[in-house]
Amino acid sequence: MRGDRAGLVPATSKLGGFVRQRAAAPGIADRGGHGRPEVVLEQRFRSFVKRVYVLLITIAVSIVLFHFAPQRGMPRDGAQLTADVLWLLPAAAGGAAAGAAIVVASASHAALEGMARLGLPGLGAGARALSNGLTWAAIALLGVHFTASAFAALPGGHSLIGAILGGSLGFGTYRLHRHAIEHDAYRTFNLVAMLLATGILASMSMTPTGEWWTVNFSTLGTSDDVAAACFNVAIIVSGAGMAGLARSLTRTLTGVRFGTRRGGLRTMNALIVIIGVCLMGIGLVPIDGDMVLHNTFAAAAAGAFAMLCLGVQIWARRMPRMLVWFSYAALGLEVVAMIAYDRLGFFSLTVFEIIAFTLVFTWLIALVATTAMHPHSHSQSADGTDAATRRHLAVDSFARRATAVATGPVGPAPDRRAPRRLRTSTGVMNARVRRRSRRTGPLSHEQRAMWRGSVSSDDPPDHGISRRVRR
């Protein structure tokens, strides 16, 4: 290792080969594939979805708030139209405030750091979860408000039902958001569900269909006006978001700890895509346009969801126990609701549709939340990168350092060694004696001959010592 090859790592070095292999294929060690181009595209898609969905939610909330305009529904004249235009300003301001709260609740760590650099106040996980919980509580209260006559026969009326539903939904989403807030796929899909809910609320606030809940939910999309557009667009965009996020929703299941079976992950992704496409079909084909095709889309979505729940332990051997129990409970509840509606006539189709929609979105959120909160799941850092991505970056850094060692510095490295200390002949002799005095074990003839200062390896064992003693 002298001359031109000094300081170079041999070509047959195992370390060099290991570094080259890890640097060339950083995603081999992690089945999640973090750092690969398709994962980067998914992250960009989620960022785009967040921006678009927050904008649409803001518009839907503004429409709902405009419903509470004073003297709304009275005969239109010039003064009333002017009042409506003026009422648009506070309605738009309220929608913008709701959109800002949703942005804070769904923002990543990088976005929060950017807000802090702009001088905006920072919010912790508790405040962000509270914002999300209050938003869902308000959605439940408004849903009951717009269907108040449907709860008139119940004890306490719509006020008590609204308080119970709003409090339960608000507290549940607060706890869920607080525990799963670090998972970007959950935050994005939470916006998908919120867009569907606010779009339906916007349609409910101005639909001319009367007591639509006595028929079915799809009646909201049959009025051929702005109310129908709100309902159909919300379902179409939400279905597209669900289909597009299928891989992100099941991303954590790629870990070895879940024991995903061959083809199980692809089957789950395909079923989620089918549900999303069927939701899009429900919005694209209103029930008054083609009832058979509309009902076919609805039945296909229900069937795909039932297969997801039934095969929860087929797709992966070690699914979280909470998700397994919830899957079987959701499937049982859907079957009971179908029997109660179709065979016994206990409630209308609207109630069954509410139960079905709620179960689908709740199950998908539970899928992301339970797998992300798994004890051995990948954690994310403050900049939004997860553990697998950080390992990939660390491997790249290690590979660069090893390459620098193998090839040597590009330019002349500065000499940082301390200056050599000159010694006299006496000092050199004393240092040699001190070093040799530490050797307590018996030395062989060859070891004695290799001492510094020995004349030759052929000298007798005591030749060097006797010569130094004579000096």
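Cβ atoms are placed via backbone N, Cα and C, with glycine included.
In TrEMBL, annotation is done automatically, which means it is predicted and not curated.
Per TrEMBL, the features are:
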REGION    406-471  region 'Disordered'
TRANSMEM  52-69  transmembrane segment
TRANSMEM  89-112  transmembrane segment
TRANSMEM  160-176  transmembrane segment
TRANSMEM  188-206  transmembrane segment
TRANSMEM  226-246  transmembrane segment
TRANSMEM  267-285  transmembrane segment
TRANSMEM  297-316  transmembrane segment
TRANSMEM  323-341  transmembrane segment
TRANSMEM  347-369  transmembrane segment
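Here the listed stretches are 52-69, 160-176, 297-316, 323-341, and the one with the most C-beta pairs under 8 angstroms to the transmembrane segment (347-369) is 323-341. In this chain, the transmembrane segment (52-69) touches the transmembrane segment (188-206); three or more CB pairs sit within less than 8 A of each other, excluding pairs fewer than 6 residues apart. Sequence-distant neighbours of the transmembrane segment (267-285) (same chain, 6+ residues past either end, Cβ-Cβ under 8 Å): 218, 221, 231-236, 238-244, 246-247, 249-250, 253, 293-294, 297-298, 300-301, 304-305, 307-308, 311, 315, 360, 364.
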